[in-house]
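As annotated by TrEMBL, signal peptide applies to 1-19. What TrEMBL records for 20-145 is domain 'Bulb-type lectin'. What TrEMBL records for 259-297 is domain 'EGF-like'. Annotation source TrEMBL lists disulfide bond at Cys268-Cys285. The domain 'Apple' annotation in TrEMBL covers 316-400. Annotation comment: TrEMBL describes 414-435 as transmembrane segment. Look at TrEMBL and you will find 464-748 tagged as domain 'Protein kinase'. Annotation source TrEMBL lists ATP binding site at Lys493.
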Amino acid sequence: MEIFSFAILLLCSTHLTHASNKLSSGESLYSNQSLVSENGKFEFGFSNFDSSVDTNYYIAIWLVHENLNRRIVWVGNREKPVNISQPCALSLSHYGNLLLTQSQKLIWSSNLRGTQQVSRVLVLLDTGNLVLLDHMNSNNVTWQSFDHPTDTWLPGAWLGSSSMNGNTTNFSLTSWKDINDPSSGNYILERGPLLGKWDFILTQVENKTRYPITLPSRLPIVNYDIGLITINTTEIPPFSLKLSTDGVITIWEGDVEFYSNPCGFGSCGPFGICVSANLRYFWSCVCPSGFEPKSSEDFAVQNFGAGCERNYPWDCTANSSTDSNKYTFHLLNNLTSWPYNKQYVGSQSKRECEIACLINCSCTAYASDDIYCYHWYEELSGLIIREDQSPGESIYIRLLTSDSTIKWTDYKHIMLIIGGVFFFVLMLLLFLRIFRGKLLCVPTLKIDDYVSVYTYAQMKSATKNFSTKLGEGGFGSVFMGQSSDFTEIAVKKLKIVDQEKKQFRTEVQTLGIIQHTNLVRLLGFCTEGSKRLLVYEYMPKGSLNSHLFKESSNSLCWKDRYKIAIGTARGLAYLHEQCRDCIIHCDIKPENVLLDENFSAKIADFGMAKLLGRDFSRALTTIRGTIGYLAPEWFSGVAITKKADVYSFGLMLFEIISGKRNKSKFNNRRYPYFPLYATMKMNEGEVLCLLDRKLCGNANIVELIRACKVAGWCIQDSEACRPSMGKVVLMLQGVIDVGIPPVPHSLLNLVDAEEY
């Protein structure tokens with residue numbers, strides 16, 4: 001008999017093993033060793049950031065908040081990793097230099113000059129500063145990591161310019177190249193020229209664009225020295241600032257993020273528009289009319305840095321620029337502010353401002369209120385639209401007119417040349433269109449709306465009278481359809497009772513406003529009479545369960561399984577942490593994870609979701625979802641939070657690993673429930689026995705161990721012990737180390753009940 005009686009019996013506890021915080025002259029630090037600050041909050045050692053290249057390691061300092069959280073704050077050899085498969089060590093030489101060597105080859109050093117032996121000691125301070133001190137005089141600092149910042153600003157560290165002995169040194173932050181590569185990236189944050197405490201300049205290295213930035217005054221910045229500023233070290237909890245790979249600045253108060261403004265720093269690239277309903281929690285990038293993404297592949301994975309480009313050749317010549325019939329201006333409304341680098345032209349009327357821009361081939365856009373005239377040249381950066389804020393600024397972007405395309409007279413000329421053949425084909429197409437009825441047209445993404453409303457007749461035509469059923473669930477049936485451009489779609493026909501109507505409205509509200517590569521996109525809906533239908537993008541590979549639990553040798557390989565796990569985690573992290581309102585899915589299971597043609601995961605069926613305001617940490621609701629994936633709090637009557645989705649994800653992750661349903665009969669008399677068996681085996685140091693036998697042992701053992709540990713932490717009884725989905729993503733990617741999870745007491749109760 002399956003037992004799903006859960007109780008939260010014991011909060012998890014963490015134990016941090018304290019190591020020495022010092023390294024003396026002649027000593028070495030190896031890849032399996034580390035230094036830990038006396039307060040236990042910082043650790044220094046070797047770390048890997050890319051699970052796909054698990055031999056590349058860096059010497060780094062990380063901030064340890066909890067048992068599961070590691071946040072990198074400094075990297076030494078950021079441009080040149082060491083290969084951990086070969087002998088490597090960090091040594092403090094007798095000449096007082098810090099040396100990172102591999103097979104006796106120098107990889108990185110503190111670059112101190114000296115020919116005489118000196119006695120020094122390397123110390124990791126409680127501030128996170130790694131310092132070299134004279135052994136006889138601890139006040140004499142000869143080298144420190146604070147002098148060589150990477151992408152993180154810690155309390156006590158400094159930014160700005162310092163002049164000493166006629167030499168000027170600039171201290172700034174440089175982003176990582178990408179999430180797995182700490183080498184110098186595309187953004188630099190430095191103190192602004194006005195020398196205000198909160199005034200900064202963000203430079204985009206690739207196009208040399210400089211963005212003025214004012215950070216919130218809540219960040220406790222104080223003067224450190226002439227030209228230098230620092231974050232106050234007396235604040236509890238401490239503040240810190242991180243510059244991410246896409247130029248987004250995040251400020252932390254302890255381990256809580258209190259500031260992030262991704263739209264403010266040109267994160268959508270040249271000509272990209274950052275559309276937001278809340279600049280901190282929900283934003284996306286789109287291209288204005290007449291433009292398209294420079295890289296559709298990057299846009300699909302939420303990497304918008306390359307921006308947009310015109311979808312036609314830009315003819316900028318002396319003759320073409322004065323042709324008023326060739327160009328027009330597209331009005332862009334409701335901007336939070338004007339784009340960067342505007343040029344004041346003078347006091348002119350709107351028409352005069354437009355003409356002045358028209359005759360200058362380099363003029364990209366203009367703005368005018370009939371008094372002042374501003375022009376923009378070359379690329380536009382910093383376009384931001386707030387949908388919850390109006391009115392805003394307006395600009396006019398220069399485009400080719402529709403007159404540059406073929407006119408109706410041109411069509412008549414072509415028809416005369418082609419004659420009867422063209423006329424026959426046209427009539428045939430018209431006949432077929434009338435015969436088929438009005439077809440469903442899937443619209444492109446617009447700035448002012450995200451989904452379109454369709455008639456029931458269009459739905460019926462697109463699905464050929466609902467003839468091909470893809471599946472059926474408690475909320476209705478899903479049918480295959482086809483749009484007018486022959487794109488395959490999925491139409492969900494909902495049953496109409498009170499609960500389903502509420503579910504329909506929830507899906508429209510949640511899916512309609514968000515775009516993410518790991519979420520099934522809602523294209524439109526129908527609310528004609530009593531009928532309720534949803535139109536989704538079609539997923540050709542079906543649902544995860546159809547591949548995971550079938551008894552055949554042609555099962556999902558480990559690489560695809562791990563990719564699906566990370567993709568699902570990313571989708572949930574987006575729903576929980578990046579949307580305007582935290583969205584709890586409430587029904588995470590393999591049936592609701594769909595796969596595209598590349599076996600990339602997309603989360604479907606938000607019918608169980610309940611919107612949570614950011615001002616509320618919990619929401620009382622009724623028990624919903626599939627029993628075999630529900631967290632203990634569903635049965636205890638307490639409020640449900642996003643950690644319920646984490647629990648469900650952990651159970652599903654065990655199924656991805658084993659290829660079996662957790663609730664199916666498990667061939668082990670002592671541990672009849674697979675998650676219990678898995679957590680017990682992890683604590684015994686055995687994981688290969690957990691792998692799906694259909695894979696015949698073909699799996700990345702590092703990823704397998706990591707996935708088992710993550711699943712174990714996700715199914716802890718206490719919500720406080722479960723990681724957030726954002727942390728789950730980092731753990732699966734290998735950015736955060738994962739410890740052995742304790743066996744949940746609710747699972748141990750299953751054993752006691754069986755034995756009793």
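Glycine is no exception: its Cβ is also placed from the backbone N, Cα and C atoms.
Cβ crowding, taken as the number of other Cβ atoms within 10 Å, peaks at Cys268 among the disulfide-bonded residues Cys268, Cys285. The Cβ of the residue listed as 'ATP binding site' lies under 8 Å from the Cβ of Phe466, Gly476, Ser477, Val478, Phe479, Lys531, Arg532, Leu533, each on the same chain and at least six residues away in sequence. In the three-state DSSP assignment, the secondary structure recorded for Cys268 (disulfide bond) is coil. Per DSSP, the domain 'Bulb-type lectin' (20-145) is made up of 4 helix, 61 strand, 61 coil. Residue counts for the domain 'Apple' (316-400) by DSSP state, with H, G and I taken as helix and E and B as strand, are 13 helix, 38 strand, 34 coil. For the domain 'Apple' (316-400), the model's average pLDDT works out to 80.
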